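Report on the following structure.
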Amino acid sequence: MPPRPALNPDPATRAWAPAPGPAPRLLAMRGKLLPLAGLYLVQGLPYGLQSGLLPVLLRARGLSLTRVGLAKALYAPWLFKLVWAPLVDTRGSPRAWLTLSTAALGLVCGLLASHPPAAAGQAGLPVTVAGLLLLLNLAAAVQDVALDMLALRLLEPTELGPGNMVQVVAYKLGAVLAGGGLLAFGPTLSWPRLFLLLAATYWLAAALTWVAPALRQLPTPLPSEHPRHTLHLGQDLLAVPGTLWTVGFVLTYKLGEQGTSGLFPLLLLDCGISAPELGLWNGVGAVACSIAGSSLGGALLARRRQPLPLLKSALQFHLGGLACQTAMLFHLDSPGASLAPSTVLRGTALLSLCLQHFLGGLVTTTTFTLMMRCSQLAPSALQQATHYSLLASLELLGKLLMGTLAGALADSLGPRLCFSVFLALSAAPMLYLGLAPNTLA
């Protein structure tokens, strides 16, 4: 791939560049998307382990919903990406940062292979395992900043839809391989073998990243002669057109979904569905549907569909699915209700997981495209990857906030009132879409 004429060209400048023919443009875009897909796939592995494996593992050992939810605090490094994003953005190259962070992920996985998870009767995760998982998230968060920087430099404005489709699909594919696959085939693949396999995967990815021709041809940015202070940097980031509205949206659009997607599978586990069956449906099946939804979102955006109208339609369908899950929960919470095998209610409950993940994938891809469009409105003097890291950190904060507190809400309020709150939170983003600025239309 030839080097780009500028690291962060302004959108107004890029719009006047002569457009190549359809076939060369398609080939050029494919050359960008393939390396991004491989890197986002390995980045999704830690999330799959902690979202698909650990909650079911801890719940099966008798932990309360509150303590299971608090395990999400291990995602904390993702909330502080803005701390090291300016350093990654201005020092070194994406190739170097991606190689080092991916190799570090392999090292941590190698250490985790020698430390088993909680044994039966143990109150929670061992301190050593929790600390290593925290380091795993730290390395993955550094890798994420470098990967977003690479995507912002590679992708043209017209390539944001397919690019974000690849990002979300590959990330979720990595998550399902590491999370749901382990639950479904847990007796065959032990904890040490799993992490040794992950370590080998990360080291192979690090080696391929270092020798990838597309990454070797990217120019290294010059360090800023006048680095911004943290306060001034924050003010400049929020001054980018559309940023304040986008911040409000990414903080709230997943609140209801995160609460239900974290609790509903655990409540099904309490109603008698086995962990392997739940891992198959909520891990492999649901994430496959999420990938299908993300692919549909990327295809629609590639056909010049505008993100905001697409988001409104997807959120409306998602709210309807959540209302159906809430109705099922009310029934299951009544005396005498059960999820006996081969019953319509059991099949409906499991299929609802797939439907909600399908719609969630569509919403996520469209939202990430909107976030990247907002970041590309940042001027060249302000590093766009730092701006995108701000939005991505706040998006994760909104998800982690409800994901962490959902168990405590269910224990204190009861499942019925808790899911009613989630239903109301899912309706709020549709009203907020009406306040979107014209710069993001």
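Cβ atoms here come from the backbone N, Cα and C positions, even for glycine.
Please treat TrEMBL annotations as automatic predictions, because they have not gone through curation.
Taken through DSSP, the domain 'Major facilitator superfamily (MFS) profile' (349-441) splits into 81 helix, 0 strand, 12 coil. The domain 'Major facilitator superfamily (MFS) profile' annotation in TrEMBL covers 349-441.
Distant neighbours of the transmembrane segment (33-58): 67-68, 71-72, 74-75, 98, 102, 105, 117-118, 124-125, 133, 136-137, 140, 143-144, 147, 150-151, 154, 162-163, 166-167, 169-180, 182-183, 198, 201-202, 205, 208-209, 212, 214-215, 262, 265-266, 269, 275, 278-279, 282-283, 287; these residues of the same chain sit at least 6 beyond its ends, with a Cβ under 8 Å from one of its Cβ atoms. Annotated transmembrane segment per TrEMBL: 33-58 (among others), in sequence order.
Residues or ranges marked as transmembrane segment in TrEMBL: 64-84 (among others).
A Cβ distance under 8 Å defines the sequence-distant neighbours of the transmembrane segment (96-113), meaning residues of its chain 6+ beyond its ends; these are 39, 42, 46, 88, 129, 132-133, 135-136, 139-140, 142-143, 145-147, 149-150, 191-196, 198-203, 205-206, 209-210, 215. Taken from TrEMBL, the feature transmembrane segment applies to 96-113 (among others).
Under the heading transmembrane segment, TrEMBL lists 125-147 (among others). Proximity of distant same-chain residues to the transmembrane segment (125-147), defined by a Cβ-Cβ separation under 8 Å and at least 6 residues beyond the stretch ends, is recorded for 36, 39-40, 43, 46-47, 50, 54, 58, 71, 74-78, 80-81, 84-85, 88-89, 94, 97-98, 101-102, 104-105, 108-109, 111-112, 115-118, 385, 389, 392.
Sequence annotations record features per position, and here TrEMBL assigns transmembrane segment to 168-188 (among others).
If you look up TrEMBL, you'll see 194-215 (among others) marked as transmembrane segment.
Taken from TrEMBL, the feature transmembrane segment covers 280-302 (among others).
Same-chain neighbours of the transmembrane segment (344-368): 161, 164-165, 167-169, 172, 249-250, 253, 257, 260-261, 264-265, 268, 273, 281-282, 285-298, 301, 307, 310-311, 314-315, 317-318, 321-322, 324-325, 328, 331-332, 337, 395, counting only residues six or more beyond its ends whose CB sits under 8 Å from a CB of the stretch. Among the features that TrEMBL reports, transmembrane segment is placed at 344-368 (among others).
Residues or ranges marked as transmembrane segment by TrEMBL: 388-408 (among others).
The transmembrane segment annotation in TrEMBL covers 414-435 (among others).
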Under 8 Å Cβ-Cβ from the transmembrane segment (414-435), and at least six residues away from its ends along the same chain, one finds 245, 248-249, 252-253, 255-257, 259-260, 263, 267, 308, 311-312, 315-316, 318-319, 322-323, 325-326, 329-330, 333, 402, 406
For the transmembrane segment (64-84), the distant same-chain contacts (Cβ-Cβ under 8 Å, at least six residues beyond its ends) come to 50, 54-55, 58, 124-125, 130, 133-134, 137-138, 140-142, 144-145, 262-263, 266, 386, 389-390, 392-393, 396-397, 400, 403-408, 410-411
